[in-house]
Amino acid sequence: MLRTDKLSPLQIYFMLILVVGLVNHVTIIPLLLQASAKDAWMGVLLSLGPLLLWMLLIAYIAKATHQRNFMGWLRDRTSLWLSSLIAALFSLYLFANAYITFKETIMWIQVTFLPQTPITVTGSVLLSLCYYSSRKGIKSLAIASGLLLPAVLAFGYFVMGSNFQFKRYELLSPPFINGVMPVVKSAQYVAASIMELLVLLILQHSSLKRTHLFVLVLVMGGLTIGPLMGAIATFGLESVQLRYPSYEQWRLVTIGSYIAHVDFLSIYQWLSGAFVRISLMVLLISEVWRIKAPRQKNGFQFGLCGLLLVLVVAPLSDTGFLKLLTGYYTTVFWYLLALSLLLFLIVYIQARKKGESQ
């Protein structure tokens, strides 16, 4: 990262709550409900213990690299081919994340409020904003996240409180009606989404304390279990059939006897998360390759956005996209676990070599 773009831990956490929170709050909830129905909330709890242990790996890597940007440290300490391999692995994951978010956002826009607008129009508008933001750099994106997040959280608490009258939390029990394995499967989906915090290694700007990392994992778990339990308590087993359970909760909100249809507020929530998430993914891909020249960096980011637009226009049904998501998050869990262990092994070996040389 550029030295002039130093971020505080609070700025990083605000940005990640928007970035990872969109996936936990929206994308994986239908997958969790399909995997284990009303037991899905237990999958979130089951995932937290292993995730906290996994975060110890990230904390060790951050400490052993002296809180440096990981890709810069890797290039200084290892061979070019190894650092290029890690950059390629990160880039593949980041681009896949950008595509998943972009595709789902455009599909949701078409289903909910712009069914007649061509995909190329909505996609171009969103990608133009993301490209502009990624060009401006990480500092501008962090400031935008700090401005967007308070309203996103306020609207979330608003919809939660407004729908208490419809919720029946007795629908959450009895547990394990379909056995243990569906709960384990849903825990895998949750872990795959929260393990996205691996990008903290690329975002290192200042001291990342272990306690703060643990709190961040718990916050992400809360962003998942809150709307998930709300959907089950509100819709019961019917929530399994819903494509966007979090959005459907907005459609129940009324203010008094005369004000309804306030679900337009969910547009702000979703687009805020999608904007920051896609912008960050595009920016980080250029960062892992350490592209310094502004013209080359801008051209590279523009090419990434153009490729995203081409891919999102390709026909894919909603059923096909859900199947893609199921396979994607199953694969990503093992992908990120293997990548984390590989990074830990590299850092551990380098630390041993340094210790022996001294």
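Glycine too: its Cβ is placed from the backbone N, Cα and C atoms.
What you are looking at is a predicted structure, and each value in this text was computed from that prediction instead of being measured.
Same-chain residues lying 6+ beyond the ends of the transmembrane segment (12-34) with a Cβ under 8 Å from its Cβ atoms: 40, 43-44, 100-101, 104, 141-142, 145-146, 148-149, 152, 156, 186, 189-190, 192-194, 196-197, 199-200, 203, 205, 208, 212, 216, 219-221, 223-224, 227-228, 231-232, 239-240, 242-247, 270, 272-274, 276-277, 280, 322, 325-326, 329. TrEMBL lists 12-34 (among others) with the feature transmembrane segment.
Counting same-chain residues at least six beyond the ends of the transmembrane segment (40-60), those with a Cβ under 8 angstroms from any Cβ of the stretch are 29, 32-33, 172, 175-176, 183-191, 194-195, 197-198, 200-201, 208, 210, 213-214, 217-218, 221, 224-225, 228-229, 232, 337, 340-341, 343-344, 347. Residues annotated as transmembrane segment in TrEMBL: 40-60 (among others).
Residues or ranges marked as transmembrane segment in TrEMBL: 80-100 (among others).
When Cβ-Cβ distances below 8 Å are used as the criterion, the transmembrane segment (106-129) is approached by residues 243-244, 247, 264, 267, 270-271, 274-275, 278-279, 305, 308-309, 312-313, 318, 321 of the same chain, each at least six residues removed from its ends. Per TrEMBL, transmembrane segment is recorded for 106-129 (among others).
The transmembrane segment annotation in TrEMBL covers 141-166 (among others).
The transmembrane segment feature in TrEMBL is assigned to 186-203 (among others).
Taken from TrEMBL, the feature transmembrane segment applies to 215-237 (among others).
Per TrEMBL, transmembrane segment is recorded for 267-286 (among others).
Proximity of distant same-chain residues to the transmembrane segment (298-316), defined by a Cβ-Cβ separation under 8 Å and at least 6 residues beyond the stretch ends, is recorded for 95, 98-99, 102-103, 106, 119-120, 123-124, 127, 130-131, 134-135, 278, 282-283, 285-286, 289, 291, 324. Marked as transmembrane segment by TrEMBL: 298-316 (among others).
What TrEMBL records for 328-349 (among others) is transmembrane segment.
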Near the transmembrane segment (215-237), which residues from the same chain, at least 6 beyond its ends, have a CB less than 8 A from one of its CBs?
13, 16-17, 20-21, 24-25, 28-29, 32-33, 37-38, 40-41, 44-45, 47-48, 51-52, 55, 156, 160, 163, 166-169, 171-172, 190, 193-194, 197, 245-246, 248-249, 252
Sort out for me which stretch, of 80-100, 141-166, 186-203, 267-286, has the most Cβ pairs below 8 angstroms to the transmembrane segment (328-349).
186-203
Using a Cβ cut-off under 8 Å, which residues of the same chain at least 6 positions beyond either end of the transmembrane segment (267-286) come close to it?
15, 18-19, 21-23, 25-26, 90-91, 94-95, 97-98, 101-102, 105, 108, 112-113, 126-127, 129-131, 133-134, 137-138, 141, 144-145, 148-149, 151-152, 155-156, 199, 202-203, 247, 297, 300-301, 304-305, 308
For the transmembrane segment (80-100), find every same-chain residue at least 6 residues outside the stretch whose CB is under 8 Å from a CB in it, and list them.
27, 71, 74, 196, 199, 202, 277-278, 281-282, 284-285, 288-289, 304, 308, 311-312, 325, 328, 332, 335-336, 339, 342-343, 346
